[in-house]
């Protein structure tokens, strides 16, 4: 059934726009150039407003997810990477549940990637329609069918651009992947802005700067009571404070520390005697994939809950899924879940909220740890990084594990890889929860994604440097 499903969608995949693989080795400086061009296009799209929208001043229902999904409200990047990640989530779950089967052949892998792209385009259209019809840009009846269709087309084209930019980097023209690049850029931009924003906001305590660092100097300069000014700068509510900034730096350091944890399995060449090496199995074996997929799951649950709340606000089942309230609190207006399933799957707003509702905290922790471990464990089966796949790669390189025959390598790798994947996912979830509770800027999930992505780029840089033999050879 699985192979038949992939064969059924094969004709549709053939007509999808595709980036061809490079016919020659792309030099590092060219990769840097293509990566910079990709990032520039993304940032430009983040600033171009959607044509035809009547209003985007209402409370933002996806405010809490925008940093993670690299989206920007009211612009071409309204959907961000959500369609790509959601399609990956769906395909992974289908493959993990054996509803579709993905073989080891390049043909099956190509069909699987094509199916993921096809679903990504379908989801883009679906999300665009939902956003327009739920009144995010104004009353659809007042805007008219023509304007509604125009907004949907703009969102679809922007979604297609994101898909192609991601594929451009994935095919080897650039560094890393588009998804990782866009997420890291968005999160780092948010952290820098929250730390140094010159925007002034009128609070009950008077006019204050949004940026935590600028606010420190402003409060010290304008307040007569310097001790109270310091206290406000470190602990002020509803705006970024210095404790948030310190928590962010602390989480950065902790994640980088854990990146170095790994188990090295001794391997040797089957052809040349005396040639020894090691195969590293990292603690974060699946890197940031679990948290990306978990974010996609939650964001889509938010979309469904918001859509139903707008239309059927008094329905018992809809309220069971999620109840929403608008919050301003000194920043942009946003919607936040205050009841139902969505409330329990979202992080507590503050330390006070943690003490007020411990059940919420317990459910949130269990959900984060469980979902990250599950996604990490199932991801290795569909991404070509399971024990069977690693054993096959080592065999192709004519390498074997010391003290083991070819036939027993899979069994030995199975002792480490699934455990590393599940435990690594669990640790990713735990670090995300810790960052949320400490109040890190950009959310725990966002910080975790930023650090792991930046570390990936550091590893790519080191690898490229080792291949060409020096820093100067990379660029000249």
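Using N, Cα and C of the backbone, Cβ positions are placed for all residues, glycine too.
Database features (Swiss-Prot):
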type	residues	note
TOPO_DOM	1-32	topological domain 'Cytoplasmic'
TRANSMEM	33-53	transmembrane segment
TOPO_DOM	54-75	topological domain 'Lumenal'
TRANSMEM	76-96	transmembrane segment
TOPO_DOM	97-117	topological domain 'Cytoplasmic'
TRANSMEM	118-138	transmembrane segment
TOPO_DOM	139-144	topological domain 'Lumenal'
TRANSMEM	145-165	transmembrane segment
TOPO_DOM	166-172	topological domain 'Cytoplasmic'
TRANSMEM	173-193	transmembrane segment
TOPO_DOM	194-240	topological domain 'Lumenal'
TRANSMEM	241-261	transmembrane segment
TOPO_DOM	262-288	topological domain 'Cytoplasmic'
TRANSMEM	289-309	transmembrane segment
TOPO_DOM	310-353	topological domain 'Lumenal'
TRANSMEM	354-374	transmembrane segment
TOPO_DOM	375-420	topological domain 'Cytoplasmic'
TRANSMEM	421-441	transmembrane segment
TRANSMEM	442-462	transmembrane segment
TOPO_DOM	463-476	topological domain 'Cytoplasmic'
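Of the Cβ pairs linking the transmembrane segment (173-193) with the transmembrane segment (118-138) and spaced 6 or more residues apart, fewer than 3 are under 8 Å, so the two regions do not touch.
Of the recorded ranges 76-96, 145-165, 241-261, 289-309, 354-374, the transmembrane segment (118-138) has the largest number of C-beta contacts under 8 angstroms with 145-165.
Of the candidate ranges 76-96, 354-374, 421-441, 76-96 contributes the most Cβ pairs within a distance under 8 Å of the transmembrane segment (289-309).
Counting Cβ pairs under 8 Å to the transmembrane segment (354-374), the top-ranked stretch among 76-96, 145-165, 241-261, 421-441, 442-462 is 421-441. Here the topological domain 'Lumenal' (310-353) has Cβ contacts under 8 Å with residues 57-61, 63-64, 134-135, 201, 203, 208, 210, 237-239, 298, 301-302, 304, 359-361, 363-364, 367, 433, 436-437, 439, 443-444 of the same chain, all six or more residues outside its ends. Tertiary neighbourhood of the transmembrane segment (76-96): same-chain residues 2, 42, 45-46, 48, 50, 66, 69-70, 102, 112, 115-117, 119-124, 127-128, 131, 154-155, 157-159, 161-163, 166, 178-179, 182-183, 186, 292-293, 295-297, 299-300, 375, 378-379, 381-382, selected by CB-CB distance under 8 Å and a gap of 6+ residues from either end. In this model, the topological domain 'Cytoplasmic' (463-476) carries an average pLDDT of 65.
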